[in-house]
Amino acid sequence: MPSCGACTCGAAAVRLITSSLASAQRGISGGRIHMSVLGRLGTFETQILQRAPLRSFTETPAYFASKDGISKDGSGDGNKKSASEGSSKKSGSGNSGKGGNQLRCPKCGDLCTHVETFVSSTRFVKCEKCHHFFVVLSEADSKKSIIKEPESAAEAVKLAFQQKPPPPPKKIYNYLDKYVVGQSFAKKVLSVAVYNHYKRIYNNIPANLRQQAEVEKQTSLTPRELEIRRREDEYRFTKLLQIAGISPHGNALGASMQQQVNQQIPQEKRGGEVLDSSHDDIKLEKSNILLLGPTGSGKTLLAQTLAKCLDVPFAICDCTTLTQAGYVGEDIESVIAKLLQDANYNVEKAQQGIVFLDEVDKIGSVPGIHQLRDVGGEGVQQGLLKLLEGTIVNVPEKNSRKLRGETVQVDTTNILFVASGAFNGLDRIISRRKNEKYLGFGTPSNLGKGRRAAAAADLANRSGESNTHQDIEEKDRLLRHVEARDLIEFGMIPEFVGRLPVVVPLHSLDEKTLVQILTEPRNAVIPQYQALFSMDKCELNVTEDALKAIARLALERKTGARGLRSIMEKLLLEPMFEVPNSDIVCVEVDKEVVEGKKEPGYIRAPTKESSEEEYDSGVEEEGWPRQADAANS
């Protein structure tokens, strides 16, 4: 058999061994390696390579090099080399060469170079001398690594419960009482609903995470495969922590990640074990709310005020712009898109939010039109069914062009929905159901079905002469007896009404409540106009009798608290026109001014000061046209 010493096999083997030895000397090898070396024909020789230094990943404070050998923070080190020496010694190390500050290795003092990656700005640096890798951390990153941050929404809720418990219902009620006058029953319902929403999140989120982990792990895996998966996850997290320079057992972040790995292991019972078990975890379900009441009673204001004091995302959506899928208008998914936007596009945080559906009565179906599709009424209600109950909604991503695939999946199971609407004419439907006398009419009328017929009957009743206080009391009494079948007759489909189990009727505002709205709450109407006049160095005084007269006018208009601002704008139009750039220092409004019997009273400054102001203002006004003419000429 001919010898192969002179053939190319020997040369290839020599090159392979040489490259292996060079790699081992550079530090790629992780321990003792047995390698077979080709020798004489038919024999093998084994050489044992010595242990090569490991490439370690640590997190240590690195110092900036300067010309005089002093670090950036002022602590000098004579043993460390200067920037010029390091650059002259390793000219091909890959430094930028722009003359800026360079990072030194905290182990040997040699200059560190940035690791070349596909990212233009990398935070990893390496030392060519001691083969150490480092992560450059900013001050903000260092602070974040010390403080334990929650790894998921469930841990964030648990941490919030431990550090600061959720506000009790009484505290939420007192906060709403500062901005909204009256409606005590609605405030109590909303306060309790928000508090229970916090508790439901705390109770349900861990169970959902376990179910999601079980789906991802596949329940058909054997215990051996589960153990292998668990070790793989631990290995991944350990390597990740080593790259970041954090020990998996010596740091709070490492402990939390290790705990997260253990939590992701499915621990729920499977198959026959579920049938044999007598104990099961309680899952709290949500109770969506429906607020109904006359216009201007404070439904939207309650939602806006409630959004300020919550630690969960809150979105207010207008149902009047919603249409069925495929038609011009906003899609139903835009409701969740607004919530996701309020959560800064954090999906887990958005899945714990609260959605307020305003003007929900405007999507009531219109009966009698069987040939046409009610795309803005019953079609929207049908699209909201699964949204209210809990489903996966595909929401377009941030800054996406609504192309295929650019969506985010949001689970609405734990999102609380609060709907509100005026439901004009609902009291007449309740009266007909109860066969009671309604505002002087003897026999029940043949009123048509649907929200349009009810609203038309209510509008016809408003145009007639009647006692305002009697109307308010009768409507409030009837709305307290509202039932699901009344809402169905109004135009809401039974499936939609059934998903709003808590129905809260709001009472109309009386004269006393309207007077309180003018003055008492924060951001009241009268203080707003006083602030406007104070910018012109003028005071606004409104007497108590004038406040009562304004409240009576608002009651007659039957527009609720919104009528107050309309009346105030009409009363103060002339004063707001006369006060700027004048000598008026006070405006007085009394009962006769509200009734239209006289003009508002003005209190002016002394005559001498006013004449000087008029003279100065006249010169300025005449001077501007003269200067403009001179410039044009």
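Using N, Cα and C of the backbone, Cβ positions are placed for all residues, glycine too.
Note that the structure is predicted; figures quoted are calculated from it, not measured.
Taken from Swiss-Prot, the feature transit peptide covers 1-56.
Per Swiss-Prot, the feature region 'Disordered' maps to 68-100 (among others).
The annotation compositional bias 'Basic and acidic residues' is assigned in Swiss-Prot to 69-83 (among others).
What Swiss-Prot lists as compositional bias 'Low complexity' is 84-93.
For 93-146, the entry in Swiss-Prot reads domain 'ClpX-type ZB', with the evidence type sequence analysis.
Residues annotated as Zn(2+) binding site in Swiss-Prot, with sequence analysis given as evidence: Cys105, Cys108, Cys127, Cys130. In the shown protein chains, 15 other C-beta atoms lie within 10 A of the C-beta of Cys130 (Zn(2+) binding site).
As annotated by Swiss-Prot, ATP binding site applies to Pro294, Thr295, Gly296, Ser297, Gly298, Lys299, Thr300, Leu301, with the evidence given as similarity to another entry. Contacts of Leu301 (ATP binding site) defined by a Cβ separation under 8 A and a same-chain sequence distance of 6+ are given as Tyr179, Val180, in order along the sequence. DSSP assigns Leu301 (ATP binding site) to a helix in the three-state reduction.
The N6-acetyllysine annotation in Swiss-Prot covers Lys437, and the record cites a large-scale study or a structure entry as its basis.
Residues annotated as compositional bias 'Basic and acidic residues' in Swiss-Prot: 598-610 (among others).
Residues or ranges marked as region 'Disordered' in Swiss-Prot: 598-633 (among others).
The feature compositional bias 'Acidic residues' is assigned by Swiss-Prot to 611-622.
The phosphoserine annotation in Swiss-Prot covers Ser617 and is backed by a large-scale study or a structure entry.
Those same-chain residues not listed among Cys105, Cys108, Cys127, Cys130 yet with C-beta within 8 angstroms of the centroid of the Zn(2+) site C-beta atoms are Pro106, Lys107, Gly109, Asp110, Cys112, Glu128, Lys129, His131, His132. Looking only at other Cβ atoms within 10 Å, the busiest spot among the binding-site residues Thr295, Ser297, Thr300 turns out to be Ser297. What surrounds the ATP site, by Cβ distance within 8 Å of the Cβ centroid and not counting Pro294, Thr295, Gly296, Ser297, Gly298, Lys299, Thr300, Leu301, is the set Gly293, Ala422, Leu506, Gly560, Ala561, Arg562 from the same chain. DSSP assigns Cys108 (Zn(2+) binding site) to coil, not to a helix or a strand. For Gly296 (ATP binding site), the count of additional Cβ atoms within 10 Å of its Cβ stands at 22 [all protein chains shown]. Confidence across the domain 'ClpX-type ZB' (93-146), taken as the mean pLDDT and rounded to a whole number, stands at 63.
For the binding-site residues shown (Cys105, Cys108, Cys127), fewest C-beta neighbours within 10 angstroms: Cys108. Non-local contacts of Gly298 (ATP binding site) by the CB criterion (under 8 A, 6+ apart in sequence, same chain) comprise Val180, Val181, Gly182, Gln183, Ala186, Leu506, Leu509, Gly560, Ala561. Residues within less than 8 Å, Cβ to Cβ, of Lys299 (ATP binding site) and separated from it by at least 6 positions along the same chain comprise Ala186, Leu291, Gly293, Asp358, Ser420, Gly421, Leu506.
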